[in-house]
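Below you'll find the structure, written out as structure tokens, and then a few comments.
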Amino acid sequence: MAEHKNGVATNGYEKKSSPASSSTKSEAKPLPNGDKKDGIVKSFKQLRVASKRPLPKEMGDGSYRVVENRPGLKQDIRRLRGRDLKTLLEIVKAKVKGETQQDDKTMIMERTIQLVANLSDHSKVQESLTNSFISQLWNSIDHPPMLYMGDKFRFRQPDGSNNNPYLPQLGAARTPYSRTVRPKGMSLGAQPDPEAIFESVFARDAFRKNPNNVSSILWYWATIIIHDLFWTNLQDPNQNDSSSYLDLAPLYGSTEKDRDSIRTFKDGQLKPDCFADKRLIGNPPGVPILLIMFNRFHNHVATNLADINEGGRFSKPAEHLSPEAADAAWKKRDTELFETARLVTSGLYINITLIDYVRNIINLNRVDTTWTLDPRQEMGVSVGTKDLSESGTGNVVSAEFNLCYRWHSCLSEMDDKWVQDFYTELLGENYGPMNLQTMMKALKAFEASVADEPSERTFGGFKRGPDGKFNDDELVEALATAIEQPGGAFGGRNVPRIMKPIEMLGIMRGRKWNLAGLNEFRKHFGLKAYETFEDINSDPSVADALRNLYQHPDYVELYPGIVAEEAKTPMVPGVGIAPTYTISRVVLSDAVALVRGDRYYTTDYNPRHLTNWGYKEVDYDLKVNHGCVFYKLFLRAFPQHFKGNSVYAHYPMVIPSENKKILTNIKRADRFDFSRPEPTATRINIIGYNAAKYILEDQQKYRVCWEEGLKHLMGEAGGRFMLSGDTALHAQQRKCMGKLLYNDTWRNAVKSFYATTAEKLLAEKSYRLAGKMQVDVVRDVGNVAHTHFVARMFNLPLKTSENPKGVFSEQELYMILAVIFVCIFFDIDPAKSFPLRQGAREVAQKLGGIIEMNVKLANSIGVKGLFTSKPDKNDDPLARYGENMAKGLKKAGLSTEDIVWSQILPTAGAMVPNQAQVFAQTLDWYLSPAGEKYRPELARIAALETGDETDALLLGYAMEGIRMAGTFGLYREATGPDTIHEDDGRSIPVNAGDRVFVSFVQAAQDPKIFPNPGVVDPKRPLDKYIHYGVGPHACLGRDISQVALTELFRAVFRKKGVRRVPGAQGELKKVPRPGGFFVYMTEDWGSIWPFPTSMKITWDDGCGTDLFTLLFWCRSVPWWDLLPETTQAAPFIISSFQSQQIYSPAEIAAVLALMAFESGDFQYKRNHYPGRPGQGTANMQMPNYNLLYAKSIPELAKGWQGIESVEGLSDQELGDLLDDVTVDKYNFGSGPWFLKTQCKEDVRQAFKTDVDTGFQKYIEECVGTDLQPRLEYFQRAKTAFGL
């Protein structure tokens, strides 16, 4: 039989095997050269065919005409093998399902090659599949490429050039307008007078408001878009001085000079409250205010980009550079920050345009749907769309659309009045009739009135302050008023008369451009041409006017036609702003062209260019406001005026009263605040130690301000949580919970839990990478340990290996509790508040519902609960501790609702993230250069046996770490006027309602309280630390937190040479905030979060000194193989050493060596020879010791109560005793118990001086047996533990 390799016969052929040599049948394949006899027969047939051919007369050159006989479908089918059919079926299924991502692990590409290669050569099927394969390969890469490297293409150019790399001037500023429609028909030889057109079909006699109550803000937004796209050159009207892209040119300018005029050239910032395009000052104040909001948003973005410094893109220049090199580096950094901030800011601009603006245009804001018309939708081969609308190819705006976007009929009554007053301001009273001459005079006056320097410009009567900014109160007042003003309606006879000369110019401009007429324009977009004037507008007066002006609908000009057209009636959804018929269709086409053609909003719009944080900062979430993001702009620009859920900020494009109806109809009104925006309470920062104590200890003058957040999440019961208020009820709640938290057994239960859990998590979550142990000590240890704690104590549905039916994973439950905490105690970022509160309420209700169900089950029928672990309460002191707490709350008279919503859930939420943060910040400081010198001492203390002295010392170091690195503070609200005397001598007046923020950062460095504050002193008095708060609302869980922190520190610093992993993953990614505070980045660096999220540490190879490392990571040594079913035995062994507080590697090695020897390498739990009744366990203890051992175990003690000796016990009774103590969780604990309880102190002390001496004393004096037979096992254990 042929030799096989990997299941395929060598060389692809297989010789025939005779029946005698093979027991399996195989298809015979001929050898390549075939059989000699068959070749002769075939050659003869070919000669016979050739002899029958006619003479070659057809071609003229004496040759035969070649006729190619291609193999047919039948031949291809015959050649298909079973695996080929399977491949073909998979290809067809993928096509039908529209799958675009191949699983290359299935080798589908290679199997396709096999399929095609096996078909008949040159068959049509083979050719078709080959062509399809080549097309797929070809289409995987752009031809030619449209994306290029380098700043020239990465950043927007001031004039909009290079949007299309192959046509760099396509759509650039100062290039000609395009023409959308080719004019084919003839127009009237004598066109009607523009003034007559205005007076008859344009002019507003009485204001008609928009039928959908669209506010003036939408028209302000449209004004920005219009000025972004159109700026007709005065000397050459065919030229557009703006780019054809929505690049926010009104803010940034369309020339390098304009762009530079608003830059500070420092840190990528813009000059305060400036914008480049002076034309916008000639619009109602709301328009420039929107641009100022974008200015502020840009500076917010630039600041955060620099602070986050993703990938080192915005690092400050090195100090050693020459002055010239440093100057160049600073300039490059400024440019990088400015241009990246522009990309991000423009991203928000386009998202507001495509979501908020377009949703209102087509009335999607009135329905509960997340569907949106986003032109950036991916299509084409990559996503399985057959017909491709290309993207990122560029755009050129047309002259027709220059006229289509003149929406002057939409001016509100207020803005009509403003324009009139503006002309009066420019020209004075009694300036005469409003005509072209008057308008040109006004334009000249306007041009002269606007300063060349953007930072000196003013508008709307607003004045700049010393910092260059306008007064926020005045800007917000103007904005709120505009939001409340409905705009005008589309349709004939609604253009304010003050706009007459501008409209006349528009008519004249359309004629000079020789644009197609209204009907030609409509037909181009697939709309039916108007046949009568009544089709254009059913209002008889408008139809008659048009008839008298134009004679026939085909003669109606484009601009007069689209202004005079009838407006659509609102439709839900479909028609929102109620535009005229033609406008409603063409504006959507233009929106798609503008956005889809813009490379910076499509193919180059990604986190790599905007940074992860920048991309996410402006991205929309369809779960929040159906994707609307206008609130991000409002709340970043005016964080002290708009509430996080203000309807004025979230839906400013519709007047508030109409929004109330809309949101009520879609059942969302309860999420929003409908009050007018007003300045929020003043925040007063207090930094002194004594001032902090003064505020926190006087709850009459300074009350807690967490009730609203608690009620939002927990309902009315949340208002009864101890931290919700300052009444006698809240004090009683605190007293009750404190009594239940700190019972007689709390310290041992908490200490044992954290000691075991810390080591368990370090073992389970760590991994070996490049020869070193690593673990994410924040995400997978610190955060998770506290999550396990509250889950065990409050019986929460945590999914673990022990409780696989739990509902929430470790990370999910931690995040739920963190979100709850932030929503209640740290909801200080208005721009993030709304989505945070909505998400927090959803998860809090879900978790609270499960807890409430379980509490009811436990109180009614005694069931532990659904989806929770079922530990034996006698074997789980923490669970028993938590159960007693719940019973105590019930006994105190609390209802199930109160137990859950005013106690368990808020307490869990308050405990976990705060304690996790304490651990992360403290550990981070000791791993930093500042704390490095203290690490050897921490490692020494952590290696010692636990005890009051070592615990106090370890806690002292932890508390000092918090003092050095902790960023903690608390808010209080002043109940009345007061004066706070700061530690530095300042007197700070306070008024009722002021929010006072007490910072502990500077207070922790007060030399009067902490002498030598820059030095770590682990023996400082604990009562001096105030980062847990002081006064009636001091952290109730402080003592628990300190025990937990001590055990976490012990577990981490037992690791040999513990340190950060190299690079960014070893750093706690922080973003600085004023006052010495920090916030943190999520792991993807896409969002800022109040709590640490990730930091990886490593430690040296070797067994180390902690139990889990000893027992899990030293597997290469022989003794490990002695453990039976290690995954089951190890936890019990570790738990027993932990419970007996044995941490010395020498003692652990000795006990394990003895147990392995006595149990015959853990094969036996009972005495095998001579078969002594009652003798057994892994430690092979005599019956009298097993009785003592059983009585030391709470759940076994009751069964042996009253029996003081094994004397007189029957063999059956001795067997029962042995059955009890040889259950795995007790069997492997016998050795540690024996050492701890039966050996004298001098034996254990001997291990500390000399390992071998200690083992000898242990075997001979304590166990009382021969040393020599047991030395081999001890030597193996010593080798394993590096002793």
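The backbone N, Cα and C atoms fix where each Cβ goes, glycine too.
Remember, it's a predicted structure, so these values are computed and weren't measured experimentally.
What Swiss-Prot annotates here:
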REGION    1-64  region 'Disordered'
REGION    130-476  region 'Fatty acid alpha-dioxygenase'
BINDING   HIS227, HIS408  heme b binding site
ACT_SITE  TYR405  active site
REGION    684-1108  region 'Epoxy alcohol synthase'
BINDING   CYS1035  heme binding site
Taking just the CA atoms, what is the gap between HIS227 (heme b binding site) and the residue listed as 'active site' in Å?
10
Rounded Cα-Cα span from TYR405 (active site) to the residue listed as 'heme binding site', Å:
60
Under 8 Å Cβ to Cβ from HIS408 (heme b binding site), same chain, six or more residues apart: give me those in sequence order, or none if nothing qualifies.
VAL495, PRO496, MET499, ILE502, GLU503
Going by DSSP, give the three-state secondary structure for the residue listed as 'active site'.
coil
Specify the count of other C-beta atoms within 10 Å of the C-beta of the residue listed as 'active site'.
17
Just how many other Cβ atoms lie inside 10 Å of the Cβ on HIS227 (heme b binding site)?
19
Restricting attention to the region 'Epoxy alcohol synthase' (684-1108), give the mean pLDDT.
89
Surrounding CB atoms that lie within 10 Å of the CB of CYS1035 (heme binding site), all protein chains:
19
